[in-house]
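Structure, as structure tokens:
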Amino acid sequence: MDLAYVCEWEKKPKSNHCPSIPLVCAWSCRNLIAFTTDLKNEEEKDLTHMVHIIDTEHPWDVYSVNSGHTEVITCLEWDQSGSRLLSADADGHIKCWSMTDHLANSWENTVGSLVEGDPVVALSWLHNGVKLALHVEKSGASNFGEKFSRVKFSPSLTLFGGKPMEGWIAVTISGLVTVSLLKPNGQVLTSTESLCRLRCRVALADVAFTGGGNIVVATSDGSSTSPVQFYKVCVSVVNEKCKIDTEILPSLFMRCTTDPARKDKYPAITHLKFLARDMSEQVLLCASNQNSSIVECWSLRKEGLPVNNIFQQISPVVGDKQPMILKWRILSATNDLDRVSAVALPKLPISLTNTDLKVANDTKFFPGLGLALAFHDGSVHIVHRLSLQMMAVFYGSSSQRPVDEQTIKRQRTAGPLVHFKAMQLSWTSLALAGIDSHGKLSMLRISPSMGHVLDMNMSLRHLLFLLEYCMVTGYDWWDILLHVQPNMVQNLVEKLHEEYMRQNAALQQVLSTRIVAMKASLCKLSSSTIARVCDYHAKLFLIAISCTLKSLLRPHFLNTPDKSPGDRLTEICSKITDIDIDKVMINLKTEEFVLEMTTLQSLQQLIQWVGDFVLYLLASLPNQGSPVRPGHSFLRDGASLGMFRELMVVIRIWGLLKPSCLPVYTATSDTQDSMSLLFRLLTKLWLCCREENHITEPDDTLIDECCLLPSQLLIPNIDWLPINDGIISKLQNKQLVRLQFGKAPGLVGHTVSSQFDAFVRAPGQPKIDHLRRLHLGAFPTEECKSCTRCGCVTMLKSPNKVTAVKQWEQRWIKNCLCGGLWRRMPLSYS
């Protein structure tokens, strides 16, 4: 493990952010991190409980909000989509936060619930029934269905038709369980029930879910001499009211309390966690004293109940009829450790064929199998989640490296030590975020090899496997990029493409845009592939335009064949290879292309981009030997050229209805038919690469004609996306980057950006809305938003009310075309 970056608060004379007690943080599947601090005002001597949300790519751009909680915040929890956040405090208030206008740096409190005066000790969203397991032992399989399988898992509660009902469950310090359900009409249905008839104090608790739709709650009163209790909670809706039923499950005593050598050594249980939210059969316990801790891993198993011989004679036990009981068995335990300050558990739902420790150790190099333990001396250990064996270690600035590296226990240094008070692992377990006792955020890389020496192929296989998992689930893959070095990029892109092409056609279509976005983010990390970033973003834009324009076509008669007008357009354009655009048009039913005049005019900016890009590509064909130039990969991409060809035909037909919607070209001759010329040259180029396995070189005649294009038409400048200002490209040299919240870093940009300067707009030049293709001026007056991943900029509010434009804008209202989240930009961005 090593530090990637640290981000801390600016020291102010009158008000300072200080770590709250307890300090909590949460990491979403979209790589947003939420954490708490207390804002201390020296003049008024009051304390404000703050919630901070950051995107890991722009950690300095923190969104801080006064939570409105009157007491200290005890829990933070993201939902499964990573777009909503729950916060709970020591006064029983629970608040649900949602994005404002789908912006990652703008949040508002929408709904909530209350258990007045009763501090919340555990909080979780109800399970939605979606669980995709990873099969590590099948990471070399070709089919995604073998590597990742949908696990049969019932939602905690369902609506009519089996749709999962949203809501949350919380456990309070007095032993109450409260469930709040979000009804489709926006109302909150809340119910509270005691966990058991005899209520007792709950100092620690955690929540997990079973495959049958039940909820399991684990509780402890904080004393190691008391049992750790487990309860089954069933939630239902009866007569529009929420009903909670509870049942006591087998409990356990920690092994250290029954060991004569350690009987009174660890008086308090300090950490109680299920190994995963959907793994209620395995629990992690940590008991501590003032100087040291011990960690134990327990598993719930079904065991046969022995039957007395007398009863066997009366009713013999045959086969599976033997009575079974549930019993907790200890899987593993550590030796005496330094005092544990925080625990972070993996989120990857890894499926092991057997819980036997030998099988677990066979895959011990896979990062998702480790959990993190932070210690008061500032160090962090990654240990196997079942065997608790050491996998990796990080020594903080205040911790001492032992002389003997095999020794776990170290001498404590004098004075107060800086240590993590809260930690969270990323969703692929390749990064670890920690908040220390000074309120500073640290981002750690966790090597895919877990500190062991693995060959490059094994490391690449781990990264490729996790990239595929993110591609299938839709999770953000920023934490994987932390480990990609420039010399890996080409190999990863090629292998990712190979694995994608092995999938069936239906799955390829579903993942078609996600893999392009993934390739773009990878290519940004290497100087030899930086120009291809522009091509991949242009391809995403092309796919979106093609889908939108084709969806506007309507069949002339209702009783039409199965194929839509868009599908027929694709089929006819692929069959008819004529270079004359008018001859291709004759084979189409032009009545299916009839649209309102206002609709056609509103699409002119998108149509103009198609025309400009085709002209730019053809004009750059004679320079095809230069892969540094953006657009190079399109010249060998038959599928993309085919899309451009289809759009040119559609635009030609629409031009007959409304000539003003046609792309505008500056030609040297008034009589020249620019659309026909470009379609003829585009078709010739498309014919050279229409078959992926049989690509031929363009003939000299085509190249000569393309050489003449600059003398016939004015070649436009293409507005490529800017180089993103994120942190990922600045972490390539493995040097620690120091940042400050609220202050953009004055770091030297990526070394590969210099060769890119010729293709992007310099600061001070007129800006452009990259998705609407509208010019905004040098200093835009409209509020804009930018993508957290690709840097794409677009206006926050739509200037157009035409239905077709709204349909286009709906494609990227929640996420950018690359899948990144939006963030609000200041009015005068440069």
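Backbone N, Cα and C atoms are what each Cβ position is placed from, and that goes for glycine too.
These figures come from a predicted structure and were not determined experimentally.
Per TrEMBL, these features apply:
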- 115-407: domain 'Mediator complex subunit Med16 N-terminal' (DOMAIN)
- 728-823: domain 'Mediator complex subunit 16 C-terminal' (DOMAIN)
- 66-99: repeat 'WD' (REPEAT)
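Along the domain 'Mediator complex subunit Med16 N-terminal' (115-407), the predicted structure has mean pLDDT 86. Beyond its flanks by at least six residues, the repeat 'WD' (66-99) meets 20-22, 24-30, 32, 34-36, 38-39, 48-51, 53, 106-125, 128, 130, 166, 168, 170, 172, 180, 476 of its own chain at Cβ-Cβ distances under 8 Å. Helix, strand and coil content of the domain 'Mediator complex subunit 16 C-terminal' (728-823), in residues and according to DSSP, is 23 helix, 21 strand, 52 coil. Residues in the repeat 'WD' (66-99) partition by DSSP class (helix H, G, I; strand E, B; coil) as 0 helix, 20 strand, 14 coil.
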